Amino acid sequence: MAFAELLERVGSLGRLQLLQAVALAVPIMWLTTQNVLENFSAAVPAHRCWVPLLDNSTARAGAPGAPGPDALLAAAIPPGPGPGPHPCRRFRSPQWQLLAPNATAANWSEAATEPCADGWVYDRSTFSSTIVAEWDLVCDSQALKPMAQAIFLAGVLVGAAVAGQASDRFGRRLVLSWSYLQMAVWVMEWTSTRARVLAMTFNSLGYSFGMVLMAAVAYGVRDWARLQLAVSLPFFLCFVYSWWLAESARWLLIAGRLEQGLRELQRAAAINGRRAAGDALTMEVVLSAMQEELRASRAPAGLGSLCTARLGLRTAVSMLCWFAFGFTFFGLALDLQALGSDVFLLQVLMGAVDTAAKLGTLLLLGRLGRRPTQAASLALAGLCILANALVPRDMRPLRSALALLGLGWLGVAFTCVSVYTGELFPTVLRMTAVGLGQMSARGGAILGPLVRLLGVYHPSLPLLVYGAVPVLSGLAALLLPETQNLPLPDTIQDVQNQSVKKATQGARGPSVLKSTQL
(Lines of atoms letter the chains of each structure in order from A; the text may use other names.)
(Lines give C-alpha, C1' and ligand atoms only; values in the text may rest on other atoms or scores of the structure.)
Protein backbone atom coordinates (compact mmCIF):
# COMPACT_ATOMS: atom_id res chain seq x y z
CA MET A 1 0.00 0.00 0.00
CA ALA A 2 3.09 2.25 -0.26
CA PHE A 3 1.75 4.31 -3.16
CA ALA A 4 -0.73 5.96 -0.79
CA GLU A 5 2.23 7.33 1.16
CA LEU A 6 3.86 8.67 -2.00
CA LEU A 7 0.57 10.27 -3.03
CA GLU A 8 0.23 12.00 0.33
CA ARG A 9 3.68 13.53 -0.16
CA VAL A 10 2.84 15.11 -3.50
CA GLY A 11 -0.78 15.93 -2.57
CA SER A 12 -3.77 13.63 -2.76
CA LEU A 13 -6.42 16.38 -2.93
CA GLY A 14 -4.90 19.45 -4.48
CA ARG A 15 -4.94 21.61 -7.58
CA LEU A 16 -4.04 18.71 -9.86
CA GLN A 17 -6.96 16.56 -8.72
CA LEU A 18 -9.35 19.50 -8.96
CA LEU A 19 -8.26 20.45 -12.49
CA GLN A 20 -8.46 16.86 -13.68
CA ALA A 21 -11.89 16.36 -12.13
CA VAL A 22 -13.21 19.46 -13.90
CA ALA A 23 -11.50 18.50 -17.16
CA LEU A 24 -13.19 15.10 -17.04
CA ALA A 25 -16.62 16.41 -16.00
CA VAL A 26 -17.01 18.16 -19.37
CA PRO A 27 -16.73 15.04 -21.59
CA ILE A 28 -18.79 13.05 -19.11
CA MET A 29 -21.65 15.52 -19.53
CA TRP A 30 -21.51 15.26 -23.31
CA LEU A 31 -21.11 11.50 -23.11
CA THR A 32 -24.40 11.39 -21.20
CA THR A 33 -26.15 13.30 -23.97
CA GLN A 34 -25.21 10.47 -26.33
CA ASN A 35 -26.69 7.89 -23.95
CA VAL A 36 -30.10 9.59 -23.64
CA LEU A 37 -30.16 11.26 -27.05
CA GLU A 38 -32.85 8.94 -28.40
CA ASN A 39 -35.44 10.33 -26.01
CA PHE A 40 -35.47 13.22 -28.48
CA SER A 41 -33.92 12.06 -31.75
CA ALA A 42 -36.09 8.92 -31.66
CA ALA A 43 -39.21 10.44 -30.09
CA VAL A 44 -42.43 9.00 -31.47
CA PRO A 45 -44.69 11.86 -32.64
CA ALA A 46 -48.44 11.47 -32.88
CA HIS A 47 -49.24 9.97 -36.27
CA ARG A 48 -51.99 8.63 -38.49
CA CYS A 49 -52.24 6.99 -41.90
CA TRP A 50 -51.82 9.07 -45.03
CA VAL A 51 -55.13 9.04 -46.90
CA PRO A 52 -56.07 10.87 -50.13
CA LEU A 53 -59.25 12.29 -48.60
CA LEU A 54 -57.21 14.24 -46.02
CA ASP A 55 -53.84 14.72 -47.66
CA ASN A 56 -54.61 15.08 -51.39
CA SER A 57 -56.23 18.36 -52.37
CA THR A 58 -57.91 16.88 -55.48
CA ALA A 59 -59.57 14.04 -53.55
CA ARG A 60 -60.58 16.41 -50.76
CA ALA A 61 -62.28 18.76 -53.22
CA GLY A 62 -64.45 15.88 -54.44
CA ALA A 63 -65.90 15.09 -51.01
CA PRO A 64 -69.73 15.44 -50.92
CA GLY A 65 -71.08 18.42 -49.02
CA ALA A 66 -67.65 20.01 -48.41
CA PRO A 67 -67.22 18.62 -44.86
CA GLY A 68 -64.69 20.17 -42.44
CA PRO A 69 -61.34 18.66 -41.44
CA ASP A 70 -62.74 16.88 -38.36
CA ALA A 71 -65.50 15.29 -40.40
CA LEU A 72 -63.07 14.16 -43.08
CA LEU A 73 -60.84 12.65 -40.38
CA ALA A 74 -63.75 10.71 -38.87
CA ALA A 75 -64.74 9.36 -42.31
CA ALA A 76 -61.18 8.37 -43.31
CA ILE A 77 -59.54 7.12 -40.09
CA PRO A 78 -61.13 4.84 -37.44
CA PRO A 79 -60.85 5.84 -33.78
CA GLY A 80 -57.75 4.50 -32.03
CA PRO A 81 -57.35 2.54 -28.79
CA GLY A 82 -56.66 5.83 -27.05
CA PRO A 83 -57.89 9.35 -27.69
CA GLY A 84 -57.58 10.51 -31.30
CA PRO A 85 -57.51 8.66 -34.61
CA HIS A 86 -56.01 5.19 -35.00
CA PRO A 87 -52.24 5.45 -35.59
CA CYS A 88 -51.93 2.30 -37.71
CA ARG A 89 -55.25 1.70 -39.56
CA ARG A 90 -57.36 3.55 -42.11
CA PHE A 91 -60.68 2.88 -43.82
CA ARG A 92 -60.47 1.20 -47.19
CA SER A 93 -63.00 3.74 -48.45
CA PRO A 94 -64.57 6.82 -46.81
CA GLN A 95 -67.23 5.90 -44.24
CA TRP A 96 -69.68 8.75 -44.86
CA GLN A 97 -72.32 7.08 -42.70
CA LEU A 98 -70.21 7.90 -39.64
CA LEU A 99 -70.98 11.59 -40.16
CA ALA A 100 -74.69 11.01 -39.50
CA PRO A 101 -75.94 12.52 -36.21
CA ASN A 102 -77.02 9.12 -34.86
CA ALA A 103 -73.86 7.23 -35.96
CA THR A 104 -72.24 4.87 -33.41
CA ALA A 105 -69.15 2.69 -33.25
CA ALA A 106 -71.23 -0.20 -34.59
CA ASN A 107 -71.54 1.60 -37.94
CA TRP A 108 -68.10 0.27 -39.02
CA SER A 109 -66.12 -2.95 -38.60
CA GLU A 110 -62.48 -3.97 -38.53
CA ALA A 111 -62.94 -5.56 -41.94
CA ALA A 112 -63.51 -2.09 -43.41
CA THR A 113 -59.98 -1.03 -42.41
CA GLU A 114 -56.50 -1.69 -43.74
CA PRO A 115 -52.89 -0.91 -42.70
CA CYS A 116 -51.25 2.36 -43.70
CA ALA A 117 -50.22 1.32 -47.21
CA ASP A 118 -49.23 4.86 -48.29
CA GLY A 119 -47.25 5.90 -45.23
CA TRP A 120 -48.05 8.17 -42.29
CA VAL A 121 -48.64 11.81 -41.45
CA TYR A 122 -46.74 12.96 -38.34
CA ASP A 123 -47.38 15.74 -35.86
CA ARG A 124 -44.37 18.04 -36.17
CA SER A 125 -45.41 20.59 -33.57
CA THR A 126 -42.84 19.34 -31.02
CA PHE A 127 -40.08 17.88 -33.20
CA SER A 128 -39.50 18.96 -36.77
CA SER A 129 -37.80 15.65 -37.51
CA THR A 130 -37.01 12.39 -35.68
CA ILE A 131 -35.59 9.10 -36.89
CA VAL A 132 -39.00 7.54 -36.22
CA ALA A 133 -40.70 9.91 -38.64
CA GLU A 134 -37.76 9.76 -41.06
CA TRP A 135 -37.86 5.99 -41.46
CA ASP A 136 -41.45 5.22 -40.36
CA LEU A 137 -40.48 3.22 -37.26
CA VAL A 138 -44.10 2.87 -36.15
CA CYS A 139 -46.88 0.26 -36.15
CA ASP A 140 -45.48 -3.01 -37.54
CA SER A 141 -41.97 -1.50 -37.54
CA GLN A 142 -42.08 -0.11 -33.98
CA ALA A 143 -39.78 -2.90 -32.72
CA LEU A 144 -36.97 -1.41 -34.83
CA LYS A 145 -36.64 1.55 -32.44
CA PRO A 146 -35.52 -0.48 -29.38
CA MET A 147 -33.40 -2.58 -31.74
CA ALA A 148 -31.63 0.59 -32.89
CA GLN A 149 -31.03 1.52 -29.25
CA ALA A 150 -29.67 -1.97 -28.60
CA ILE A 151 -27.28 -1.75 -31.57
CA PHE A 152 -25.90 1.58 -30.35
CA LEU A 153 -25.34 0.19 -26.86
CA ALA A 154 -23.75 -2.94 -28.34
CA GLY A 155 -21.10 -0.65 -29.84
CA VAL A 156 -20.48 0.84 -26.40
CA LEU A 157 -20.19 -2.70 -25.00
CA VAL A 158 -17.42 -3.49 -27.47
CA GLY A 159 -15.67 -0.29 -26.46
CA ALA A 160 -15.88 -1.18 -22.77
CA ALA A 161 -14.48 -4.66 -23.46
CA VAL A 162 -11.53 -3.33 -25.44
CA ALA A 163 -10.78 -0.25 -23.34
CA GLY A 164 -10.60 -2.08 -20.01
CA GLN A 165 -7.89 -4.46 -21.22
CA ALA A 166 -6.09 -1.76 -23.21
CA SER A 167 -5.94 0.57 -20.18
CA ASP A 168 -4.17 -2.06 -18.09
CA ARG A 169 -1.73 -2.74 -20.95
CA PHE A 170 -1.04 0.69 -22.48
CA GLY A 171 -2.04 3.17 -19.76
CA ARG A 172 -5.05 5.19 -18.67
CA ARG A 173 -4.41 8.47 -20.49
CA LEU A 174 -3.76 6.98 -23.93
CA VAL A 175 -6.97 4.96 -23.89
CA LEU A 176 -8.87 7.86 -22.34
CA SER A 177 -7.88 10.14 -25.19
CA TRP A 178 -9.55 7.81 -27.67
CA SER A 179 -12.57 6.50 -25.82
CA TYR A 180 -13.49 8.40 -22.60
CA LEU A 181 -14.92 5.12 -21.28
CA GLN A 182 -12.54 4.63 -18.34
CA MET A 183 -12.58 8.07 -16.70
CA ALA A 184 -14.07 7.29 -13.28
CA VAL A 185 -11.51 4.77 -12.01
CA TRP A 186 -8.67 6.75 -13.49
CA VAL A 187 -9.63 9.69 -11.23
CA MET A 188 -9.69 7.27 -8.28
CA GLU A 189 -6.03 6.38 -8.74
CA TRP A 190 -4.94 10.00 -8.24
CA THR A 191 -6.81 10.44 -4.93
CA SER A 192 -6.31 9.12 -1.42
CA THR A 193 -8.69 6.95 0.55
CA ARG A 194 -10.29 9.90 2.34
CA ALA A 195 -10.89 11.84 -0.89
CA ARG A 196 -11.86 8.90 -3.08
CA VAL A 197 -15.63 9.03 -2.55
CA LEU A 198 -15.70 12.81 -2.98
CA ALA A 199 -13.80 12.58 -6.27
CA MET A 200 -15.94 9.75 -7.60
CA THR A 201 -19.19 11.49 -6.62
CA PHE A 202 -18.10 14.69 -8.33
CA ASN A 203 -17.17 12.60 -11.36
CA SER A 204 -20.56 10.88 -11.48
CA LEU A 205 -22.36 14.23 -11.18
CA GLY A 206 -21.23 14.84 -14.74
CA TYR A 207 -23.84 12.29 -15.81
CA SER A 208 -26.54 14.13 -13.87
CA PHE A 209 -25.65 17.50 -15.39
CA GLY A 210 -25.47 15.84 -18.79
CA MET A 211 -29.14 14.83 -18.54
CA VAL A 212 -30.14 18.46 -17.94
CA LEU A 213 -27.78 19.58 -20.71
CA MET A 214 -29.45 17.13 -23.10
CA ALA A 215 -32.88 18.59 -22.39
CA ALA A 216 -31.59 22.13 -22.96
CA VAL A 217 -29.87 21.31 -26.26
CA ALA A 218 -32.84 19.27 -27.52
CA TYR A 219 -35.24 22.07 -26.61
CA GLY A 220 -33.32 24.43 -28.87
CA VAL A 221 -32.57 21.94 -31.70
CA ARG A 222 -35.67 20.01 -32.79
CA ASP A 223 -34.20 18.29 -35.88
CA TRP A 224 -32.63 14.91 -35.12
CA ALA A 225 -29.65 15.21 -37.49
CA ARG A 226 -28.67 18.68 -36.26
CA LEU A 227 -29.18 17.54 -32.68
CA GLN A 228 -26.81 14.60 -33.22
CA LEU A 229 -24.22 16.99 -34.62
CA ALA A 230 -24.66 19.46 -31.74
CA VAL A 231 -23.92 16.85 -29.04
CA SER A 232 -21.00 15.29 -30.94
CA LEU A 233 -18.81 18.26 -31.90
CA PRO A 234 -17.70 19.07 -28.28
CA PHE A 235 -15.74 15.79 -28.15
CA PHE A 236 -13.16 17.22 -30.53
CA LEU A 237 -12.32 19.88 -27.93
CA CYS A 238 -12.15 17.23 -25.20
CA PHE A 239 -9.76 15.19 -27.35
CA VAL A 240 -7.43 18.16 -27.76
CA TYR A 241 -7.00 18.94 -24.07
CA SER A 242 -6.97 15.29 -22.96
CA TRP A 243 -3.26 15.12 -23.81
CA TRP A 244 -2.57 17.49 -20.91
CA LEU A 245 -4.02 15.06 -18.37
CA ALA A 246 -1.57 13.18 -16.17
CA GLU A 247 -1.13 9.44 -16.61
CA SER A 248 -1.87 7.34 -13.53
CA ALA A 249 1.39 7.25 -11.57
CA ARG A 250 0.09 4.24 -9.67
CA TRP A 251 -0.32 2.26 -12.89
CA LEU A 252 3.05 3.40 -14.26
CA LEU A 253 4.91 2.20 -11.16
CA ILE A 254 3.07 -1.11 -10.98
CA ALA A 255 3.66 -1.63 -14.72
CA GLY A 256 7.42 -1.17 -14.20
CA ARG A 257 7.69 2.22 -15.94
CA LEU A 258 9.43 3.73 -12.92
CA GLU A 259 11.05 6.80 -14.47
CA GLN A 260 7.81 7.96 -16.05
CA GLY A 261 5.93 7.26 -12.83
CA LEU A 262 8.48 9.34 -10.89
CA ARG A 263 8.11 12.23 -13.36
CA GLU A 264 4.30 12.17 -13.00
CA LEU A 265 4.62 12.27 -9.20
CA GLN A 266 7.02 15.21 -9.39
CA ARG A 267 4.70 16.98 -11.82
CA ALA A 268 1.78 16.43 -9.46
CA ALA A 269 3.80 17.86 -6.58
CA ALA A 270 4.64 20.97 -8.59
CA ILE A 271 1.02 21.59 -9.62
CA ASN A 272 -0.17 21.04 -6.04
CA GLY A 273 2.35 23.58 -4.69
CA ARG A 274 4.63 20.96 -3.14
CA ARG A 275 7.67 21.30 -5.38
CA ALA A 276 10.10 20.67 -2.53
CA ALA A 277 8.43 17.34 -1.78
CA GLY A 278 8.58 16.45 -5.46
CA ASP A 279 12.27 17.30 -5.70
CA ALA A 280 12.91 15.10 -2.67
CA LEU A 281 11.43 12.11 -4.50
CA THR A 282 14.14 10.03 -6.11
CA MET A 283 14.20 6.66 -7.78
CA GLU A 284 15.70 5.20 -4.60
CA VAL A 285 12.79 6.56 -2.54
CA VAL A 286 10.23 5.17 -4.97
CA LEU A 287 11.91 1.77 -5.15
CA SER A 288 12.15 1.57 -1.38
CA ALA A 289 8.49 2.54 -0.90
CA MET A 290 7.15 0.31 -3.66
CA GLN A 291 9.45 -2.67 -3.12
CA GLU A 292 6.78 -5.12 -2.00
CA GLU A 293 4.25 -4.03 -4.62
CA LEU A 294 6.77 -4.21 -7.45
CA ARG A 295 7.79 -7.71 -6.42
CA ALA A 296 4.18 -8.89 -6.32
CA SER A 297 3.30 -7.20 -9.61
CA ARG A 298 5.77 -9.40 -11.50
CA ALA A 299 3.37 -12.30 -11.07
CA PRO A 300 1.10 -12.70 -14.11
CA ALA A 301 -2.25 -10.96 -13.63
CA GLY A 302 -4.48 -11.50 -16.65
CA LEU A 303 -8.19 -11.78 -17.15
CA GLY A 304 -8.16 -15.28 -15.71
CA SER A 305 -7.00 -13.88 -12.37
CA LEU A 306 -10.46 -12.36 -11.89
CA CYS A 307 -11.95 -15.86 -11.89
CA THR A 308 -9.70 -17.30 -9.18
CA ALA A 309 -10.90 -18.30 -5.73
CA ARG A 310 -9.70 -14.98 -4.28
CA LEU A 311 -11.49 -12.73 -6.78
CA GLY A 312 -14.13 -14.91 -8.46
CA LEU A 313 -17.01 -14.03 -6.15
CA ARG A 314 -16.15 -10.33 -6.26
CA THR A 315 -16.05 -10.44 -10.06
CA ALA A 316 -19.39 -12.24 -10.42
CA VAL A 317 -21.33 -10.08 -7.95
CA SER A 318 -19.88 -6.77 -9.12
CA MET A 319 -20.72 -7.69 -12.73
CA LEU A 320 -24.26 -8.52 -11.62
CA CYS A 321 -24.60 -5.10 -9.94
CA TRP A 322 -23.34 -3.36 -13.07
CA PHE A 323 -25.75 -5.42 -15.19
CA ALA A 324 -28.72 -4.53 -12.98
CA PHE A 325 -27.95 -0.83 -13.26
CA GLY A 326 -27.55 -0.83 -17.06
CA PHE A 327 -30.55 -3.09 -17.64
CA THR A 328 -32.99 -1.12 -15.51
CA PHE A 329 -31.70 2.40 -16.08
CA PHE A 330 -31.62 2.27 -19.87
CA GLY A 331 -34.87 0.33 -20.02
CA LEU A 332 -36.62 3.21 -18.23
CA ALA A 333 -34.53 6.26 -19.14
CA LEU A 334 -34.79 5.70 -22.90
CA ASP A 335 -38.59 5.62 -22.81
CA LEU A 336 -39.51 8.89 -21.13
CA GLN A 337 -42.50 9.30 -23.43
CA ALA A 338 -44.17 6.45 -21.55
CA LEU A 339 -44.08 8.56 -18.37
CA GLY A 340 -45.59 11.79 -19.68
CA SER A 341 -46.08 14.08 -22.64
CA ASP A 342 -43.40 16.68 -21.79
CA VAL A 343 -40.13 14.80 -22.35
CA PHE A 344 -38.08 17.99 -21.89
CA LEU A 345 -39.40 18.51 -18.36
CA LEU A 346 -39.02 14.82 -17.50
CA GLN A 347 -35.41 14.83 -18.69
CA VAL A 348 -34.64 17.87 -16.49
CA LEU A 349 -36.38 16.27 -13.50
CA MET A 350 -34.43 13.06 -14.05
CA GLY A 351 -31.18 15.02 -13.97
CA ALA A 352 -32.26 16.93 -10.86
CA VAL A 353 -33.26 13.75 -9.01
CA ASP A 354 -30.03 12.06 -10.08
CA THR A 355 -28.01 15.02 -8.78
CA ALA A 356 -29.71 14.90 -5.38
CA ALA A 357 -29.29 11.12 -5.22
CA LYS A 358 -25.57 11.26 -5.93
CA LEU A 359 -24.99 14.02 -3.40
CA GLY A 360 -26.82 11.85 -0.91
CA THR A 361 -24.49 9.01 -1.81
CA LEU A 362 -21.67 10.90 -0.08
CA LEU A 363 -23.54 10.62 3.20
CA LEU A 364 -24.63 7.03 2.66
CA LEU A 365 -21.17 5.74 1.75
CA GLY A 366 -19.65 7.50 4.75
CA ARG A 367 -22.27 6.40 7.27
CA LEU A 368 -23.39 3.00 6.02
CA GLY A 369 -20.39 1.80 4.04
CA ARG A 370 -20.17 0.38 0.54
CA ARG A 371 -21.90 -2.97 0.89
CA PRO A 372 -25.12 -1.78 2.63
CA THR A 373 -25.41 1.20 0.27
CA GLN A 374 -24.99 -0.99 -2.79
CA ALA A 375 -27.54 -3.54 -1.62
CA ALA A 376 -30.11 -1.01 -0.41
CA SER A 377 -29.93 1.27 -3.47
CA LEU A 378 -30.53 -1.57 -5.92
CA ALA A 379 -33.29 -3.14 -3.84
CA LEU A 380 -35.14 0.17 -3.30
CA ALA A 381 -34.89 1.02 -7.01
CA GLY A 382 -36.47 -2.31 -7.85
CA LEU A 383 -39.23 -1.90 -5.28
CA CYS A 384 -40.18 1.52 -6.68
CA ILE A 385 -40.46 0.03 -10.16
CA LEU A 386 -42.47 -2.96 -8.95
CA ALA A 387 -44.84 -0.59 -7.15
CA ASN A 388 -45.29 1.29 -10.42
CA ALA A 389 -46.61 -1.88 -12.03
CA LEU A 390 -49.59 -1.71 -9.63
CA VAL A 391 -50.49 1.92 -10.42
CA PRO A 392 -53.22 2.46 -13.08
CA ARG A 393 -51.84 3.86 -16.32
CA ASP A 394 -54.12 6.90 -16.21
CA MET A 395 -52.44 8.09 -12.97
CA ARG A 396 -49.46 9.52 -14.83
CA PRO A 397 -48.20 11.93 -12.13
CA LEU A 398 -47.87 9.09 -9.60
CA ARG A 399 -46.28 6.79 -12.18
CA SER A 400 -43.79 9.51 -13.12
CA ALA A 401 -42.94 10.16 -9.45
CA LEU A 402 -42.30 6.48 -8.73
CA ALA A 403 -40.22 6.09 -11.89
CA LEU A 404 -38.10 9.14 -11.04
CA LEU A 405 -37.63 7.86 -7.49
CA GLY A 406 -36.50 4.50 -8.85
CA LEU A 407 -34.10 6.21 -11.25
CA GLY A 408 -32.76 8.25 -8.33
CA TRP A 409 -31.91 5.09 -6.39
CA LEU A 410 -30.26 3.74 -9.54
CA GLY A 411 -28.11 6.88 -9.51
CA VAL A 412 -27.01 5.98 -5.99
CA ALA A 413 -26.31 2.42 -7.14
CA PHE A 414 -24.21 3.66 -10.07
CA THR A 415 -22.05 5.93 -7.92
CA CYS A 416 -21.61 3.21 -5.35
CA VAL A 417 -20.67 0.47 -7.83
CA SER A 418 -18.18 2.84 -9.50
CA VAL A 419 -16.44 3.38 -6.17
CA TYR A 420 -16.91 -0.16 -4.94
CA THR A 421 -15.52 -1.92 -8.01
CA GLY A 422 -12.35 0.15 -7.92
CA GLU A 423 -11.82 -0.72 -4.27
CA LEU A 424 -12.52 -4.43 -4.64
CA PHE A 425 -9.77 -5.10 -7.22
CA PRO A 426 -6.02 -4.43 -7.24
CA THR A 427 -4.35 -1.88 -9.50
CA VAL A 428 -2.93 -4.56 -11.81
CA LEU A 429 -6.51 -5.68 -12.58
CA ARG A 430 -8.61 -2.65 -11.74
CA MET A 431 -9.27 -1.38 -15.23
CA THR A 432 -9.90 -4.89 -16.51
CA ALA A 433 -12.44 -5.40 -13.73
CA VAL A 434 -14.09 -2.09 -14.48
CA GLY A 435 -14.12 -2.99 -18.17
CA LEU A 436 -15.93 -6.22 -17.33
CA GLY A 437 -18.36 -4.25 -15.18
CA GLN A 438 -19.04 -1.83 -17.98
CA MET A 439 -19.47 -4.72 -20.38
CA SER A 440 -22.08 -6.12 -18.01
CA ALA A 441 -23.78 -2.73 -17.73
CA ARG A 442 -23.88 -2.36 -21.51
CA GLY A 443 -25.06 -5.94 -21.90
CA GLY A 444 -27.91 -5.06 -19.56
CA ALA A 445 -28.47 -1.81 -21.45
CA ILE A 446 -28.79 -3.75 -24.72
CA LEU A 447 -31.44 -6.02 -23.24
CA GLY A 448 -33.24 -3.25 -21.33
CA PRO A 449 -34.95 -1.50 -24.28
CA LEU A 450 -35.84 -4.87 -25.84
CA VAL A 451 -37.78 -5.88 -22.71
CA ARG A 452 -40.31 -3.18 -23.57
CA LEU A 453 -41.47 -5.43 -26.39
CA LEU A 454 -42.99 -7.72 -23.73
CA GLY A 455 -45.66 -5.05 -23.30
CA VAL A 456 -47.63 -6.58 -26.17
CA TYR A 457 -48.45 -9.51 -23.85
CA HIS A 458 -49.25 -7.40 -20.77
CA PRO A 459 -48.56 -3.68 -20.14
CA SER A 460 -47.08 -4.34 -16.68
CA LEU A 461 -44.76 -7.19 -17.71
CA PRO A 462 -41.74 -4.97 -18.59
CA LEU A 463 -41.98 -3.20 -15.23
CA LEU A 464 -42.06 -6.50 -13.38
CA VAL A 465 -38.85 -7.57 -15.12
CA TYR A 466 -37.19 -4.17 -14.60
CA GLY A 467 -38.05 -4.31 -10.89
CA ALA A 468 -37.09 -7.91 -10.17
CA VAL A 469 -33.53 -7.71 -11.55
CA PRO A 470 -32.21 -4.92 -9.24
CA VAL A 471 -33.90 -6.45 -6.19
CA LEU A 472 -32.15 -9.77 -6.75
CA SER A 473 -28.86 -8.03 -7.52
CA GLY A 474 -29.12 -5.99 -4.32
CA LEU A 475 -29.46 -9.17 -2.30
CA ALA A 476 -26.40 -10.62 -4.07
CA ALA A 477 -24.38 -7.50 -3.17
CA LEU A 478 -24.54 -8.58 0.48
CA LEU A 479 -22.02 -11.30 -0.40
CA LEU A 480 -19.28 -8.72 -1.12
CA PRO A 481 -16.73 -7.64 1.51
CA GLU A 482 -16.81 -4.15 2.98
CA THR A 483 -14.03 -1.86 1.72
CA GLN A 484 -14.74 1.36 3.62
CA ASN A 485 -11.61 3.11 4.95
CA LEU A 486 -9.31 0.57 3.32
CA PRO A 487 -6.47 1.74 1.01
CA LEU A 488 -6.61 0.72 -2.63
CA PRO A 489 -4.93 -2.68 -3.12
CA ASP A 490 -2.12 -2.67 -5.66
CA THR A 491 -1.65 -6.42 -6.09
CA ILE A 492 -3.62 -9.62 -5.68
CA GLN A 493 -1.59 -10.30 -2.55
CA ASP A 494 -2.85 -7.01 -1.09
CA VAL A 495 -6.41 -8.28 -1.52
CA GLN A 496 -5.50 -11.45 0.35
CA ASN A 497 -3.79 -9.44 3.10
CA GLN A 498 -6.90 -7.27 3.54
CA SER A 499 -9.10 -10.35 3.89
CA VAL A 500 -6.77 -11.87 6.48
CA LYS A 501 -6.55 -8.59 8.38
CA LYS A 502 -10.33 -8.16 8.49
CA ALA A 503 -10.78 -11.75 9.61
CA THR A 504 -8.26 -11.22 12.40
CA GLN A 505 -9.88 -7.97 13.51
CA GLY A 506 -13.29 -9.62 13.41
CA ALA A 507 -12.02 -12.37 15.69
CA ARG A 508 -10.74 -9.77 18.18
CA GLY A 509 -14.12 -8.07 18.38
CA PRO A 510 -15.99 -5.08 16.94
CA SER A 511 -14.32 -2.60 19.29
CA VAL A 512 -10.90 -3.33 17.80
CA LEU A 513 -12.25 -2.99 14.26
CA LYS A 514 -13.81 0.36 15.07
CA SER A 515 -10.66 1.76 16.61
CA THR A 516 -8.60 0.55 13.62
CA GLN A 517 -10.89 2.35 11.15
CA LEU A 518 -10.74 5.54 13.17
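A Cβ is built for glycine as well, from the same backbone N, Cα and C atoms used for every other residue.
TrEMBL does not curate its annotations; it predicts them automatically.
The feature region 'Disordered' is assigned by TrEMBL to 499-518. Taken from TrEMBL, the feature transmembrane segment covers 147-167, 197-220, 227-246, 316-336, 343-366, 402-421, 463-480.
Of the ranges 197-220, 227-246, 316-336, the one with the most Cβ pairs under 8 Å to the transmembrane segment (343-366) is 197-220. Here the transmembrane segment (402-421) sits against the transmembrane segment (197-220); at least 3 CB pairs are under 8 Å, leaving out pairs fewer than 6 apart in sequence.
Cβ atoms under 8 Å from those of the transmembrane segment (463-480) belong to residues 313-314, 317-318, 320-321, 323-325, 327-328, 331-332, 370-371, 374-386, 388-389, 406, 410, 413, 420, 424, 444, 448, 451, 454 of the same chain, restricted to positions at least 6 beyond its ends.
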